[in-house]
Amino acid sequence: LEKKHQPFGGSYMKSSVTQIERRFDIPSSLIGVIDGSFEIGNLLVIAFVSYFGAKLHRPRLIGIGCLIMAAGAFLTALPHFFQGQYVYETTLSHIPEENSTESILPCLANTKSVLCAPTACEKEAGSSMWIYVFLGNMLRGIGETPVMPLGVSYLDDYARKENTAIYLACLQTVGILGPVFGFMFGSFCAKIYVDIGSVDLESISINHKDSRWVGAWWLGFLVSGFLMLLAGIPFWFLPNTLAKQCKSPSKKRQKEDIQPVTMAAMAKDFAPSLKRLFSNKVYLLIILTSVVAFNGFIGMITFKPKFMEQVYGQSPSKAIFLIGSMNLPAVAVGVIVGGLVMKRFKLSVLGAARLSIVSSFLSFCLLLIQYFLQCDNSEVAGLTMTYQGLLSQCNMGCSCSLKHWDPVCARNGITYASPCLAGCQTSTGVGKEMEFHNCTCMQELKGGLMAPPTNRSAILGQCPRKRDCDRMFKFYMAVSVLGAFVSACGGTSGYIVLLRSIHPDLKSLALGMHTLIGRTLGGIPPPIYFGALIDRTCLKWGLKRCGGQGACRFYDSHAFRITFLGLVYCLYGLANLLWGVLYLQLSKRQKKLELRSQAKATALEANGNNNPNGHAMVSIFKNKDDLDRDNESTI
C-alpha cells in the first residue's frame, strides 16, 4: 500500500510542475529548484536513517516517514487557501454583460493595461508563497527517506536469494501504480480551474489548452496527504524481524535481535563502515553510473510534459494523461519481464550486468530516433513568422501593449499575440465564445493574396498545429513507450548488481548512500539546469499584474527540442559508457574470486587429506570469515 501511494505524491508533483509555474509566475529554473527540494529533504537525513535505521525497528521508521510525508503534502497545498484568486493576464479590460449589445474595441481602445494599485501589489507579493511548496516538498523528501533503504533491505534479509529478483520486480511494478494514478489524477486536476467553486467559470475566457490556464494543482496534494496517512498504518504492526524463507530463525539470530545496541556504539562504528563501503571499486562505479543516469531521467521526466506541449502542440492535461496511461504501464511490464528473465535464467551478477547494458543501449538508440520526429514551429506573427517584432504598419495606430500574451487565432491559420496586435476593430460574444472582426493585420495571407473582408476575423486562443504534427506525435509516443519498456527491463537487474556487490552487513548503509548520492547529485541539479537552459528558448514571457517577468508563454519549439534532447543524449550516452567500464570491473572481480576460491578449495582439500579425523571441516568453518573478507576486499 505504501509503495503504491508514496510515489503518488512524487509523480503528482511532476505532473503539476507547469501549473505551479504558472500560478506563481516563476521561470522553469525556479520550478526546478522547487522540484529538487524533495531530494534536498532526503539529503538531510538519509545517511543517518540508512545506518541507524538498520539497527532499529525498520517498519515503524517507515510508518513515521508516512506521517511526515502526509504533513509535507498538506503544507504544499496550503498556499492555495491563503492566496487571492488567480487573475490571468489579458488585454481585454472590459467584458460585456451577457445581455449587452456593446462590443469591445481591441484596436481603437487603448489596451495598455493598468498596473494594480500599491496595496494590491502588496497582496500580489503573496506569489512568494511558492516557498511553502518548496518546504512542503522538502518535508515529503524527509518522510520518504526510510522507505527504499530500509524496505528493500528488510525484504532482502528474509527472502531466498533466487526469489529476491522477482520480489523486487513485483515491488517495483506495484510501485508503478502510484505514478500511474499520480499522473492520471494530475491530468484530471489540470482540466479543473484553479479557483473552482469560488469563481463563475462562464466569465473565464481561456480553456485548459491556453498557456495562461492554471489547473487545480492543490487538490492532488490533499488527496496524497490522506493516502499517506492510511498507508502508514500497517507498518506500525509489522515485526522488526521475520523468519527467513524455508528457515526458522536461529537461536543465535534471535539473541542478536534482542540484544540492546546503544547509539554511541552504533555511531562509533559508522565511520569504519563508510570507509569499508567506499573502498569498494564496483560500488563506486555503480554510484557514478547511477548519478549520470539519474540526471538524464529526472531532467527528462520533469520537463517531458512541457516538451510534448511545446514541440507537438499537446495540452498539459493530455500530455500528463498519456504519460500516466501509456509510458508508466510500459515501465511496469518492463520491470516484471526483467525480473522474470532474472529468475528464469538464474543470472549471475555478470549476467545481470549484461542484461542492464543491453536494455540501456537499446533504449538509448530509441531515444536517438526521437530527434527526427519533429513538427514545424507554431506560426505566431512577429515571433516566428511574417514580420520582425510584434508591431507592423497594420497595428501601428492601435496603442497595443507589447508585453501581454492574449493570443487569438486568425482565419489564415496564424496566431497573433493579442487582438490588438492583430488589428481587430470589433468583437462579438462573451467569455470563451468571443470572436474578433475586421482585423487589419490579416489582409495578407501566406501566399501574399488579399483576404476577403468576411475572413478577417479571429477567435480566442492559439491556432492548432498542422495535421501532420498529430501523425508525427503518434510516432513519437510509439517510440517513447517502447523505449520506456526496454529501459525498464534492465531496472531489476541493475538493482541486483548493486545488492550482490556489497557485504551483507553493509547492505542498508550501501542502499542508503546510493539513494543519498543519487538524489543529491542526480536529483537536485537536473531540474535546475534543464529549466535554466529551457528558459533560454522562450520567445514570449508573461507579465505579472504589477509588472515584472512572469512565466514563459511561448517557446521556440525547435530550440526547445534541441536543448532538451541534447541534454538527455549527453547524459544517457555517458551512462552507457560507464556501464561498459563497470562491466569490465565486474569481470575482473569475478576472475579474482574464482582464482581465490580454487586456491582455497585446493588448500582445504589438501588439509583434509592430512587430517583424516575430520579436522578439515573445522578448518573450513575457521576460514569462512577469512574467505568473506577476501571476497569483500576483492569487490
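The backbone N, Cα and C atoms fix where each Cβ goes, glycine too.
Record features (TrEMBL):
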type	residues	note
DOMAIN	1-591	domain 'Major facilitator superfamily (MFS) profile'
TRANSMEM	30-54	transmembrane segment
TRANSMEM	61-82	transmembrane segment
TRANSMEM	165-194	transmembrane segment
TRANSMEM	215-237	transmembrane segment
TRANSMEM	282-303	transmembrane segment
TRANSMEM	319-341	transmembrane segment
TRANSMEM	353-373	transmembrane segment
DOMAIN	388-443	domain 'Kazal-like'
TRANSMEM	475-498	transmembrane segment
TRANSMEM	564-586	transmembrane segment
As a test: from 30-54, 165-194, 353-373, pick the stretch that has the greatest number of Cβ pairs under 8 Å with the transmembrane segment (215-237).
165-194
Taking 3+ C-beta pairs under 8 angstroms (sequence gap of 6 or more) as contact, is the transmembrane segment (475-498) in contact with the transmembrane segment (165-194)?
yes
Stretch among 30-54, 282-303, 319-341, 564-586 sharing the most Cβ pairs under 8 Å with the transmembrane segment (165-194):
319-341
Ranked first among 30-54, 282-303, 319-341 for CB pairs under 8 angstroms with the transmembrane segment (564-586):
282-303
